[in-house]
Amino acid sequence: MLNQLHIKSSGCFLYLERVLDGVVDSFIMLREIRDIPGTLNGLYLWLCQRLFVRKQFTKVQPILNAILAARRPLTVKELYHAVWTKNMALTMEEFQKKMDILSKLLVEGLGGTRILFHYSFAEWLLDVKHCTQKYLCNAAEGHRMMAMSYTCRAKELQPREVQEFAFHLINSNLQIEPSNLALWMVWNGTPAQDSLSTSIPKEQEVLQLLVKAGAHVSGSEGERASCAVQQALEREDSIRTLLDNGASVNQSDSGGRTLLANAAYSGNLDVVNLLVSRCADLELEDSHGQTALTLAARQGHTKVVNCLIGRGADIDHTDHDGWTALRSAAWGGHSEVVSALLYAGAKVDCADADSRTALRAAAWGGHEDIVLNLLQHGAEVNKADNEGRTALIAAAYMGHREIVEHLLDHGAEVNHEDVDGRTALSVAALCVPASKGHASVVSLLIDRGAEVDHCDKDCMTPLLVAAYEGHVDVVDLLLEGGADVDHTDNNGRTPSWRPPPWATPRPSTPCCSGARRWTASTGRAGRC
């Protein structure tokens, strides 16, 4: 029998679970397995035929209708109230007997709720092709019962329940005009005014009904009402409804972001177009000083950026950190946005609070196409930040060889020093292992005239640094470039210096050996 069950299930665990649970509960006998259909839909039909004899299904059908219509799991009490609206002579004792009949199909959820054992069974109950007319349920009837249940206690409803009330009215197929449905809610004392205070319904028709019933959207209630409008930003029709019914186009959330700023940040062009057509203020700042254009540029939403530029947004506006839209786009690697801003006349050398420009940001991030675009628009190639670091030093630090070459081709000063006295060659030798491309950067810098024996503020040369850090390939390149193998730093260390035995070992032994080999081959007396 079990082998036959395995064949019939075709590997469907839900099929096996329902049958074996029935066996455990003595609801199904093992010998009956041969009579069970070999599909899940067939199993559901067979179970219903076993569970509901004579006219039992018609007695429990209203309960199933209510469960199918509900937006969330309902408690036994909520189900009773819904079914009671259809049969007001129904007592709780009689209702409980009906629930007992359904016990094989329902499971207990959180908070004492009751739900169907699986969503596929819910779909089956609504598909006449599989459940047949005998077991076909009606979700619209469930919506009507739920709507009447909420009607009976309309004055006591919480905001979430008011939204559910509207949802059930809309889906009840009552053939009543929305304005009359709104009157239904109003005449029963439904507290619709605060129904949008914590969330916004996904269904446009539900939102419109709530607004007609008096839902508050003007924003005068502060952050709560604003929160609801902000949630509507993903849907143009929803935000249009709210604006048409009094919501302020320039209201902001707790972070100071306006509707336009949030729409620009998410890249929702339709909502942006709607808001600017309603005269939304383009220059309102959030708590960080960012405008809609700054946020759109940071996220790389080219169409939104073009829309805002076309509407006259300030392209050179700076936030509290001194970032412009161009600086943000360059940092994020958004080439199309950078091109749009440059075409619109954005200042190419605007610097942030750390004196870092868009070129500096793009060079650091490895955005080669943006670097070239900025250079072609006249970006100052040797502009240094507050630490004295240029775009060349940034690119060399990160190992971006192609960018280093472009910067040099556009006149970057190869031996420029930062506040620590380090050049592009110094940081290329120091900061990141040679395996990440820094050896090629070092080779290029040497070929373009970088001073191989340049000393920083600690009297460290690139060779000494590379040897100490264990960058073998870089050491070889520097030695080939004529680096002084005997140079000493402020502590008297040479490139071939080795830590004492009690010190923590460093991965510089191969470099020390290389330096000694170089000394031997050149006949120079080195120290080790």
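A Cβ is built for glycine as well, from the same backbone N, Cα and C atoms used for every other residue.
Note: TrEMBL annotation is automatic and uncurated.
Under the heading domain 'TANC1/2-like AAA+ ATPase lid', TrEMBL lists 1-49. Annotation comment: TrEMBL describes 50-174 as domain 'TANC1/2-like winged helix'. Taken from TrEMBL, the feature repeat 'ANK' covers 255-287, 288-320, 321-353, 354-386, 387-419, 420-457, 458-490. Annotated region 'Disordered' per TrEMBL: 484-515, in sequence order. The compositional bias 'Pro residues' annotation in TrEMBL covers 497-508.
Listed as Cβ neighbours of the repeat 'ANK' (321-353) (distance under 8 Å, sequence separation of 6 or more from its ends, same chain) are residues 288-289, 293-294, 296-302, 305-306, 309, 315, 359, 361-362, 365, 367, 369-370, 373-374, 377-380, 383, 385. Residues 229-230, 233-234, 236, 239-240, 243, 249, 293, 295-296, 298-299, 301, 303-304, 307-308, 311-314, 317, 319 of the same chain, all 6+ positions outside the repeat 'ANK' (255-287), place their C-beta atoms under 8 angstroms from a C-beta of that stretch. Beyond the repeat 'ANK' (288-320), the same-chain residues lying 6 or more positions past its ends with a Cβ under 8 Å from any Cβ of the stretch are 256-258, 260-261, 263-269, 272-273, 276, 282, 326, 328-329, 331-334, 336-337, 340-341, 344-347, 350, 352. In the predicted model, the repeat 'ANK' (458-490) has a mean pLDDT of 83. Across the repeat 'ANK' (321-353), the DSSP tally of helix, strand and coil residues reads 17 helix, 0 strand, 16 coil. Across the domain 'TANC1/2-like winged helix' (50-174), DSSP classifies residues as 81 helix, 9 strand, 35 coil.
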